[in-house]
Amino acid sequence: MASDYYQVEILHYLNPNLIWVEVLNSPNEISFEQLGVYGILPIDASLDVERPGLKLQRSEDWMPATAILMKNIFQNLEQVWFSPTHIDRRSSIFDNNIHKYGELIIKKNGVQLYLSKELVKAGLATEDPCQFHQYMSLGKIKTKLSNTETRAVIKNLEEYYRKSSKPKELWQKSVHQNTSIFHAGERLQALTVKNLERHNNRQNIMLLENKLKDLEQCKGSDEVSLGRGVCRVPSNKSEMVMLTNKRLKNRLELLSKINMKSDATDAVKSTKRNFSGDGQRKNFENDFESDDESVKKVSIANTINTSDGSANVVDKLLDEKQIDNVFNNKKQICYTESTRRNPVKKAACIVYGPPSINIDKLPLKEAPKMTKTVKWTPHVDCDKEASEVSFGDVDSHVKLDVKNLDKFHEIADRIEIEKTIPVDVNIHKDLYDSMINNKNESESKIMETANLKTEMKNLRKSSILQSKLKQFDKFNVSSNSAASESSTKSSMDSSRISDEDDLSSDDEMSEIMETFKLNLATPKKSEAKHTIDHIEVNNTKLNANPFKNLDGSKSVFVDKLTSPVLLVHTKRNNKVQPCSLLRDVPFGTSIHVVLRNMGIKHPTRLQTVSWGTILRGLSTFLISPPRSGKTMGYLPAVCRLVRDFRKESPDSCGPKCIIVCATSKSVSEVERISKMLLGLEDKVFACYSGMDNLSVTTALLNGCDLLICTPKSIVRLLQNDLSVDLRDLTTFVVDDCERISDVYSNEVKYVLYEIKNMLKNRVNKELKVQIVVASRIWCDFLEPIVLKAPDSVVCIGAFQELILYSKISTTVDFLRPENKIANVLQFIDSVQGPKRTVVVCRADNEVKAVESSLRYNNRVVFACDNTMNIHDLYNLNVVWGDFEDPTLGPILVCCDSNLVHLNVTDASYLIHYSLPALFSTFCKRFSVLNDNYPSIFKNESRDLKVKVLMDESNVEQLPKILNFLKRCTENVPKILDEVSEKILNEKDLAKVKDLVPLCDNLLSLGICPDTWNCTERHRIFKECDSPADWIPKNGVVTFQILYFHSAVMYSARLLSNTVDGETTKYPQTYSTLSLKMGMYFSKESSRRLHGIPMVGDVCAVSKKQNFFIRCQVVKIISFYKNGNPNYVVIKLIDEEKFEQSRDIYLYHLPDEFKDMKTYVVQVRLANIQPQDKDITFSCLAKNELEKIVEKNEDLFMRGHVAMSVGSCIFVDTLEACLDLSSLSETVVRHNFKQELLNAHAVPNPKHLSILEEMCEKSGLIVKAVTNEQVVPKPIPVLPAAQWAHLEDDLSSVYLASVEDMDKLFVRLVKFESCMKLLNIEINKYVSENTVPLDGSNVGDIVLAKFPDDSMYERARIDHIYSEDKVKCFFVDQGDWRDVSTNDLATITENFITQLPFQAIECRLIGIRPFGEQWTEFSTNWFSDHCFEDAKGNLKHLYVKHFTKEKADCTGGHKYGVALIDTYTNEDIIVNQLLIDLNLAKENVDEIAYLSEIKCNKTVLNNDATVDEEEGSLSGVSEPESNINVPLDKVFLKAPIRSVPLVDSEYETSDSDTWQINRPEDFKALFMRTRPESSKIIPMITANEVQNNADGETSKDTSTILEEKGQLPEKVKDDELKLSKPKICWSQNKNTVKLKILIAGIEDYKLKIEDRAVAFSANHCDVEYGFKLELYGVVDVNKSRHSNKGQYVLVTMTKLMCRNWLALTKEGDSQKWIVYDVDTIEASSDEEVYRDDTLEVIKNIHNTNNGSDSEDDDFLDDVS
């Protein structure tokens, strides 16, 4: 045997994957192993219904015959050897947890048998190692045994050794040692069960003893049934009746018959239970009466009013077994239908499902009868003592378990002592303990059906209930009067707006304006004092939830499951109809296109309401959580309104809309999106601190349609002499209102005051100013604005904010888990009337516990846990909605997942029994009260309550809860602050282990303004934040800036540090490290992958080709299916930057490179902050500093070190210096801090003091430094590219490039116009952004200059030759070129997503070369005759693909196509032509595809006329003969604006969006590309042919091929031999201008004809020439040309004054003809660019004049 084999002895087996053996290595010890056969999977044989016989298929379980076969193989064997191949550490029964897979070799009768081969030969297994590994990673190989199965295996091992001759002590010791962990678990489980039984027995014994003591006390009792407030009166002993055991037995029999009473008796019991006195009941101590007569009375009527008015309640006399059943929930507590005297009716059958479903397809189920068992529970009279607090704000982004819960138990005990509630603990504690002990026992679910509704109607008809209804009416009147009193009091205390609290009162506005006069330096005008008129509110009931089922065919239940919930209140009580489809929103075509390019396909829940209300001119107030689409919820609609108002008043200069954002960063982002939405037609202007006043004033005077600014900026503009003209203002928007209300409330009030004054002077009083506000939270600042704004609509998606919006009473209790049920019961007892209550739990066992307790207390309960299916949910939803009772309110007990599906919105009370894991889930719970929240527009008070129960198991959510409580009330226990601080500290400590950096705002400003939504760290720890020894802690430091993160944060490499006159220079080791790493990784053997990355790993990554740098894994973004990390965030150690990478790009880094220091740190400029109370520095400030550094590369930075935290150095001075070596002097060129203070920043003296205080708390010495790793902003990740694809039928294409017939690239004709428009945008972008590409990697998508026409196009870097030269693949041309790195530019996300990459990789199907590869002559002939026609224009070819495979060069597919040339009298299949010309031979496997093309080929009409003026196609008439297949059979009929219902197997959904042409379009294309009848096939010659796209030619030395048939003569075209100069053309409605770009030309010939231009010249020994057929007719007499030196300018006058679609009649398909982008900006009266754009869009469709295409209607909409 080979060296990797070792001998084993088989002990036991279950299947080929589970074999236990003993390794025969030593006679003195026994070594066990768990083995499996590698690479085989089980198969199963089943009967084939289609063909006779058995069908084999893969299975997850081994067939029983496998064990029989293994038994036969293992019998009488001689030796067994094993060779390991794979080790798994997940499923072994032994302590080492090793499960080996390999091959078992059995030596039997002198023959070697391989177990895997025997299993495969027997048809019981199949060999597939790849699938084997996949199944193993997915857990489909079942090797994990249960405890019972493991115990059986160990028993079999012991049985085997009992039969062997080995010593018992030896094998028993080995078995025990190898299975010690399993046996320990068994003992632990046995101990747990034993303790549980002992605990239950102890509880039962104690309960029985207490009950017997109660019975003994009853012997001498003279009490009667007492109610609340009734005094205990002693009675005579003579009247006492002694109860004996016999009487107890009789009473138990009587009680068992109570349930057999009639419905009327049940009704009496029900009403008596709820309305008798104060609901008095007796405890277990008073469960017995004194005589048998009272027992008989109770057994007949169940409860009777005594003479003194108190009610006697039937007592439960239960033996020990019955008591255990009650407390352990083993007996189902539900409503049961009492037995009636009427004959038994037949059982009714029902079907569960939506109303529209076919009932024949669902199984019938017997309709459950309503059962109702009345059980009496002792009443617990508790003092109600709870504080009113609110709960919830934002979601927790850190899921951490708080481990030190013992500390919180002490705090909880202290809270319980302070908050003592006098409850009867014995009953509820025993109930709680019994529920916990039996939480895993199964309990039956509730079955509430329509019978419940029927019985409720019967109860209403009873006379007893009628009398109770009268009592209820009296009670309702009294409660209403009390509610009105409380509402009056609350309205007096609330902050509802009144005329006296007017937001713009004289005194308040005077103070605000005085403040602005002191703070603002610009002169101000005196303003008149006015008051905003009070707006009366209509007191009508408003629409709460606009999402209703409007589709009659859609199930109401399904609508509830899928429809979102949103609170909408309107001032005018108008109906708000949501719009769930993006196409139905009337934004206009241009905005819809931008939204699609941004990836917005559907509106969010908030946007379904906000877009429509804003477009209708209503004032809208949006309250929604972060990242829920608030900004995009108003911005597209506002931009549409701006465009509409601009068209109505084009001469106005003032803004139509003003958007106020809290930060300059938000202003820049809104400005970017607005410019995308509005384009070039509307003027968008952004204003923030630091901008030049002159440029701002100039921009406003030139006209502004949309003004975006910060609050301080808008106030300055309004107070300037040349201020903003508000006369044309129609919309005022406030974004980020949660911060504006805290910091800039006076500024917003001032703007509203100016708007009010403008409205008074406006002529048209009906034209109001629409107000739009977006905020994360509800602020008191919003309330007066909402009430005074015209036609207000409040839309709230953050449901926790509804508590503050409607001022709902909320209480929070922090208590022990065993006291929760008592607290719930106390809250439920306070509920009066038929109002609905929802109790939300976290787990199913909590649902069962609460349900049992409520039913025990005679409540109508609907329980819903995670085990319920769709039928149960539907049934529960129907019964919940149909439940009606004027005296009882139903209670829904459910989990969060069920609550979302049921979509309950009509509750009045909400109880949070336990908190969920996510805070967002907690916030969604508040939506159950959605229909009952009172409107802000009505002065009404509704009895809504929310109760939150907290215990020590939910303390991880306490910090956010506490933050919300402090917003609602001041009565928050201070002890909760201590608890919250400990929790936050422990969470930050857990973040340290995950390398989470300190908050950037905390380090830059000293505070984090958004702590609850920030995911970074906010505490400093000595262990992780102490600085390294080499980091400067004081003195003066010099450094070189590597990267600007912001205006005050930089990545830098240290140069020197001077302390007390001593200068320490840092060694520049980076170059040495880079050289060593380059030499190490230059060897292929050294490039080993890092493996599975973990947070904290240090490895290497390739930044450029053969350029490796060090990095550290700081975060894992995504994982593979097997759980291994895929995408990770890495920190570049030597650059202090963060990037994203994949695990396969990380390489192993030797230890010698890990410890080398390159002295790279982060530097922050301290003690300054942005102007105007901003929290972000603008991009303008950052760009100004970057320009200073870029102008002079010799500059270095110098600053004074104030303190250090981790790898971050804080400097309080920062200067840009220059060394004058000749003078040995250092001069300061720029003072960065002063530059910022002059225009962008203000001093912040508290910055460092706050950080120093945090350092002192953590134990760091303040002056000595502090530590922290600051994370720069990660490099943005570009979206995945999409590639164009061929359609299933014929596709019209251009041939882009050819490598050979097995690799060629085509591009679709239908996207040619879009490509031209995209290229114009790309080149305009590059001209405006001159910063070159900073670094590049192989595979990067960039913008590169195409050498043939010097135009920038999209490209991919395929190879890096050096730092100055790369090889690029142009993704739209399908060609490779060598490009200088100076000609590369960064690409934007829009350029990638705007249009798919156009190069489509193909090969010619059905042919193959004669040799191993294609000859150069064959490739050149193919290129010469398929690229261009006789006139030099690109040929319109057609392809039909038959195969599809993975592409070699692109990211799409590689198609096997047949190429069709229609430029002759008959359509020619180029594949067959190559075979006929002996340039290729047939591929036998694929030649049938060409035969199929021949059979289905359709001959098109030869005649195709061209409209001279319009450039469009005339009608196409089909020839009378030679038509085999009609056009409608070739192309499938597509619906109007159709979208594929099912994606292709290979193509993505994104690519389908570009299938915009229809069969009519292809019909026109066929006719358009029809050549003249005189054109013939050229003869094959050995002349010079064009070899590549660069125009280089080469002579082929091959001989002329013999003709296989009579071939036509070649048409000579000398023009093909001439070089084509680049032509830039432009036009307006009157003229066309051509720029022939040949610099330095002196002599040339140019001839202008009516519809042609011919040019020829010789320059630098190069012959140039062309002849163009123009799109339209020109006036030769008025045309002229001149030599401008750099180019020849040709100006031609059009005969018809209209725009051309292209320069030439065939379209601008030549690469050397481009549109002059410098002339795109036309005058406003001509609007040339806009017309050209619309014409290009129309040209995409290529429809003829007579077409009725639905796309024509679409184009009419565009126009």
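Note that Cβ sites are derived from N, Cα and C of the backbone, with glycine treated the same way.
Feature region 'Disordered', per Swiss-Prot, maps to range 480-506 of the set 264-290, 480-506. Taking the centroid of the Cβ atoms of S624, P625, P626, R627, S628, G629, K630, T631 as the ATP site, the other same-chain residues with Cβ within 8 Å of it are T604, L606, G633, R776, G797. In the three-state DSSP scheme, S628 (ATP binding site) falls into the coil class. Cβ neighbour counts within 10 Å, taken over all protein chains shown, single out P625 as the most crowded of the binding-site residues P625, P626, G629.
Helix, strand and coil counts under DSSP for the domain 'CS' (1618-1704) come to 0 helix, 54 strand, 33 coil. Its own atom aside, the Cβ of T631 (ATP binding site) has 19 Cβ atoms within 10 angstroms in the protein chains shown. Of all the binding-site residues listed here (R627, K630), it is R627 whose C-beta has the fewest other C-beta atoms within 10 angstroms. Residue counts for the domain 'Tudor 2' (1335-1394) by DSSP state, with H, G and I taken as helix and E and B as strand, are 8 helix, 30 strand, 22 coil. Each residue in the domain 'Tudor 1' (74-153) gets a DSSP state, and the totals come to 25 helix, 27 strand, 28 coil.
By a simple count of nearby Cβ atoms, those within 10 Å, the most crowded of the binding-site residues S624, S628 is S624.
A contact between the domain 'Helicase ATP-binding' (611-789) and the domain 'Helicase C-terminal' (823-980) is present, since 3 or more of their C-beta pairs, 6 or more residues apart, lie under 8 Å.
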